[in-house]
Amino acid sequence: MSDPTDADTAADTGTAADTDTAATVPATKYHGTGNDFLVVDAAEAVPDRGAFAIHHCDRETGVKGAERTGADGVLFMDVTDDGDGSGVARATMTLVQPDASIAEMCGNGARCAAAWVRERTGADVVDLDTPAGVRRATVTAGDDDSQDEVTVEVEMGRPSFAPSAVPLAADRDGPLVEQSVEGLVVTAVDTGVPHAVAFVDDVDAVDLEAVAPPVRHADVFPEGANVTLAADTGDGTFAQRTFERGVEGETLACGTGAVAVGAVARRLGLTDRESLTVSPPGGDLRISVPEDGPATLTGPAAREFDVALPVPDSTTEADG
């Protein structure tokens, strides 16, 4: 996901544990293969979005409901075109992460955002304006047309290994491919956000929480990097684990990371397939990484529950 861009300009906070604030805003909890988000209409009054995300995403004291406390981020959504007449809606997606930074792009978040927009507009195609560019999402409902869980395909843009795109440190004049960074052999790629991808024999045999932080903060990544482990499990399938920048920990799934796995696998000659299955802990994701077009990410988006979240005092959040 993203790196330190302050989210001071708007925010909602929400947590069942907060009882001292008077104002509340409605939110909906979604997840995409376990990568979970609170979705809030950007028109709601949230004076400090960073404080809101810090407060409600906390895994111990944050929003409560379903099986997990907290969230991997807050999606603030502004529907700018409901698609009436064209069938294509448009919305601005701003993802504020648990550390109050803003993510340029998030594949699983984009799927959840598209599902939220479809529920409100009825449009099956949604153009999402993100800091990484416009990403088109196509929503497919099940046979019963339920909105509780849908399948969403997102156009993810073209992965780039260029040093300026990742970005890499200014003194580098070539891509970072299969090089040791803080003891981990990685390849750097931009899939909307920077990823350092390491192919290993067994993703579960690596202590990700130990090896990832030094790479995530390495000097070669001036804006930081997500750290993704991958393993070829055969027949066009890859296992994946990702330590996400901004979350500062492992998530159950990472869509930009899944695309990064596919892009790096092709770059290293580990597969010649365009269409692959990438399997993070939260479930399977289908990706396509063509030679001459945008990558795509396909997977579920599930609606969990609605909740009214108190808007926290940003001063209190900043103090601790």
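Every residue gets a Cβ built from N, Cα and C, even glycine.
Secondary structure at Thr256 (substrate binding site), as computed by DSSP, is helix. The substrate binding site annotation in TrEMBL covers Asn35, Gln97, Gly107, Asn108, Asn226, Glu244, Arg245, Gly255, Thr256.
Annotated active site, proton donor per TrEMBL: Cys106, in sequence order. In the three-state DSSP scheme, Cys106 (active site, proton donor) falls into the coil class. Cys106 (active site, proton donor) is surrounded by 33 other CB atoms, counting those within 10 A of its CB over all protein chains shown.
Per TrEMBL, active site, proton acceptor is recorded for Cys254. A 10 Å cutoff on Cβ-Cβ distances gives Cys254 (active site, proton acceptor) a total of 34 other Cβ atoms nearby, all chains included.
Residues or ranges marked as region 'Disordered' in TrEMBL: 275-320.
The Cα atom of Cys106 (active site, proton donor) lies nearest to that of Thr256, taking the binding-site residues Asn35, Asn226, Arg245, Thr256 as the candidates.
A strand conformation is recorded for Asn226 (substrate binding site) in the three-state DSSP classification. Across the structure, Asn226 (substrate binding site) and Cys254 (active site, proton acceptor) place their CA atoms 10 angstrom apart. Taking the Cα atom of each, Gly107 (substrate binding site) and Cys254 (active site, proton acceptor) are about 7 angstrom apart. In this structure, the binding-site residues under consideration are Asn35, Asn226, Thr256, and the one with the smallest number of other Cβ atoms within 10 Å of its Cβ is Asn226. DSSP classifies Asn35 (substrate binding site) as strand under the three-state reduction.
Listed binding-site residues: Gly107, Arg245. The one with the lowest count of other Cβ atoms within 10 Å of its Cβ is Arg245.
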